[in-house]
Amino acid sequence: MGVQFGDIIPKKEISLKLLRTKSAAIDAMNVIYQFLSSIRLKDGSPLKNRSGEITSTYNGIFYKTIYMLENEITPIWVFDGKSHDLKEKTKEDRRKLRQNALENYLEAKEQDNLENMQKYAKRANFLDKKTIENSKRLLELMGVPYINAPSEGEAQCAELVKSKNASFVVSQDYDSILYGAESVVKNITSSNKSLELIELSKVLTELNVNLLELIDVAILIGTDYNPGGIKGIGPKKAFEVVKKGQMEKYAFEIQNYSEIRKIFDEPNVITDYEIGLKLPRKDELIEFLVEENDFSKERVLPNIEKLDLLLGNKKSQKSLESWF
DNA sequence: CAAGGGAA
DNA sequence: TTCCCTTGC
């Protein structure tokens, strides 16, 4: 979900072309949940293989990866590790929301209410361990790198940008900038929706704060580690408080304030990882998609060939990561 | 969400 | 060619 900065954070529209030749650190969980809620049949049910296991996720990863490579963007998928203890409440809240949605879905189903079935099915996304493991396996077979973050994926994505192993983060949330990522891109899709670029340095200069102050703003509004933030304080007031140097007045009201600040300021990340592209393992890929998960062979084969071609060309060229 | 096919 | 809509598993 992330911090609700609202309209306060400056962003700009960009074209896909601007991202050409760059590497993207993808906040995998964020994107996978999007796949799960949007890749659906008419009745709102997700795609499944013959055993009833959900395959929308694999569909999304497969086609989005190819789409990015086609546009000369190198994806690096970053998966969450173990979340911080302080996130428990947020996780529990989300579980409840999903459970609620599931109950609403079942009720709509009983009433044969297709519209509500679609609506609630999209919110009742339960992701199991096996789906995550298989997602990683799929990327491996495709020859595309992924990283297991020790903790938050968004923090690891930010590390990749900071170390210039990626140029930007792909996520629908802004949180990566709090971890110090210079660039976050929202809405990388093939639809007409415009791409949105958020640049940390622009955010800081335009709002006239430093990163630590921005983190304080986020904590006042509410983060995953202190959901809800301080009652009565939204984005606008939060900036006022921080700019007037009044953070101390509120800090004591926030449980674990300094610990939360540290999560963003000194994120738990790794710096030793493998991000090279390989050639796809075609036969195993066909086996995974077609045999195990019932993708249509007719549709998958040309895409595997495309992937092979794209990666074959790409492996030789290495570009230095930076803007402009 | 992206691909694919048909309409514009 | 571009747009729109349906399908995918």
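Using N, Cα and C of the backbone, Cβ positions are placed for all residues, glycine too.
Please treat TrEMBL annotations as automatic predictions, because they have not gone through curation.
For the recorded site, A:Glu152 (Mg(2+) 1 binding site), the DSSP three-state label reads coil. Taking the Cβ of A:Glu152 (Mg(2+) 1 binding site) as reference, residues of its chain lying under 8 Å away and at least six apart in sequence are, in sequence order, A:Asp80, A:Gly81, A:Ser83, A:His84, A:Tyr179, A:Ile263, A:Pro267, A:Asn268. Feature annotation from TrEMBL assigns Mg(2+) 1 binding site to A:Asp27, A:Asp80, A:Glu152, A:Glu154.
Per TrEMBL, the feature Mg(2+) 2 binding site maps to A:Asp173, A:Asp175, A:Asp224. DSSP assigns A:Asp173 (Mg(2+) 2 binding site) to coil in the three-state reduction, placing it in neither a helix nor a strand.
Taken from TrEMBL, the feature domain 'XPG N-terminal' covers A:1-101.
Per TrEMBL, the feature domain 'XPG-I' maps to A:140-209.
What TrEMBL lists as region 'N-domain' is A:1-98.
Marked as region 'I-domain' by TrEMBL: A:116-245. When DSSP labels each residue, the region 'I-domain' (A:116-245) comes out as 62 helix, 15 strand, 53 coil, counted as helix, strand and coil in that order.
What TrEMBL records for A:316-324 is region 'Interaction with PCNA'.
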Whose Cβ, among the binding-site residues A:Asp80, A:Asp173, A:Asp175, has more other Cβ atoms within 10 Å than any of the rest?
A:Asp175
Minimum Cβ neighbour count within 10 Å among the binding-site residues A:Asp27, A:Glu154, A:Asp224: which residue?
A:Asp224
Helix, strand, coil residue numbers for the domain 'XPG N-terminal' (A:1-101) per DSSP?
47 helix, 18 strand, 36 coil
Can you tell me the CA-to-CA distance separating A:Asp175 (Mg(2+) 2 binding site) and A:Glu154 (Mg(2+) 1 binding site), as a whole number of Å?
7
Over the domain 'XPG-I' (A:140-209), work out the mean pLDDT and round it to an integer.
94
